[in-house]
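Marked as signal peptide by TrEMBL: 1-23. Among the features that TrEMBL reports, domain 'Peptidase S8/S53' is placed at 63-494. The active site, charge relay system annotation in TrEMBL covers 71, 291, 461. Taken from TrEMBL, the feature region 'Disordered' applies to 549-576.
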């Protein structure tokens, strides 16, 4: 997910502005840790009513559900995640042999598609548009579009968009400002890493830092103000800040010269060949697990152990699929990660990532169709650019290249609470056609790398695993429901607030039905109640000819179409 930072505060660094260490050191949120699990009526927060859901489920048996987290990696040593990691039952750890013959050696907890056979790992990367622009510059720079057709014309249009994004949006004065500030930020970061005692730290770590060293206090004040002044970013750490500034500087360089082949130099595969999959390694933690660790804890952190935070699902295993670098992900890696999840028993896939260009979307389309055939539900973050993605470009997306739509795919916007800025998170993307529902995604408390570390992060990347966690809960207690039925349950059990909220990225007051297809916030309690009705046959949900047919306990029939309009059919609906 893309990140933005306050230019004013950043440029103040370059200008030598002095910051006090105590400035902006208090929590900006007025919501408590774990607010996203709470209930509006009982607790006063627009959470998911998780305790009420478990009260409803008392006495019911559950089955273990595997959730695949396609992300940056997971801290496999974390106290709240280690017990819930998926373990490949057909692989013998550490023997260097592909025991289950699936093409991946020693894939104990998943697979790292950003690794090399020599143990190296991809960490940073460039943007997809930049890569595509330079890859096809010689091919299209002087092309006559009237002579192009089919795949060539499609690639040419992608190239033009990539060129516009790269060449047309680089502000030379802005870049020079970032170039001047970079040494200051690097100096401050070096001081803070030593003072905090870890290479990656967040605003929470700085709030705990006490020091008498004047330079460290200056650095703390500067970073604290930058961190605190950016609610619109997905999550904030020193690494993210440095990557952002370095990326701004590199973007100007990429106008003149192609980026380094960060991924290919490590993985060694042919990125254009989906069948060349003998690459990667089993290091699913690597060195960049912050994002994936936080996402995984939201779904599955061990419940009722008195540590940190309780995850949403109580009988779940997390399969770690590392495919998201610090930069834009590659379509081939995502496609193979989806296939791996489907082949190895995942019933839910969480996808908290996104980009503006998808040149090999056909790889992902084919993988999604394959996952659907295996009964997998895909849950995706809508993105953090406060854009209407009915019109703005955002990938991956559930619409296939042929115009149809994936039936078992949910796109999630981020909600907050009136106590922390409004029902719709100010950074969240939205769209009444392209996004399905809201889920809590602002100031979400979960696991962080470090073995026993926890903290608050924000983003649709946090809202997506809230939804995936509820999906896993439903599939665990109602295993007879298929992926389309679970999607129906989550979407048709949302809580629909009537109060208005500032439209993301602006001030206009709107209700949630103006921002998403359902106009509601996902709710675990309402979901398990509806799941119980569908599971028992009181509400019948079936898919025929790309149409979802529903018959409720009063005998009323409704028909919904995934992707195309259709007329309501009156014939009775059979159970299945």
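Keep in mind that glycine also has a Cβ here, set from the backbone N, Cα and C atoms.
Nobody curates TrEMBL annotations by hand; they come from automatic prediction.
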Cβ atoms near residue 291 (active site, charge relay system) (within 10 Å, other residues, all chains): 28
Segment confidence, the domain 'Peptidase S8/S53' (63-494), expressed as mean pLDDT: 94
Packing count at residue 461 (active site, charge relay system) (other Cβ atoms within 10 Å of its Cβ): 31
Secondary structure at residue 71 (active site, charge relay system), reduced by DSSP to three states: strand
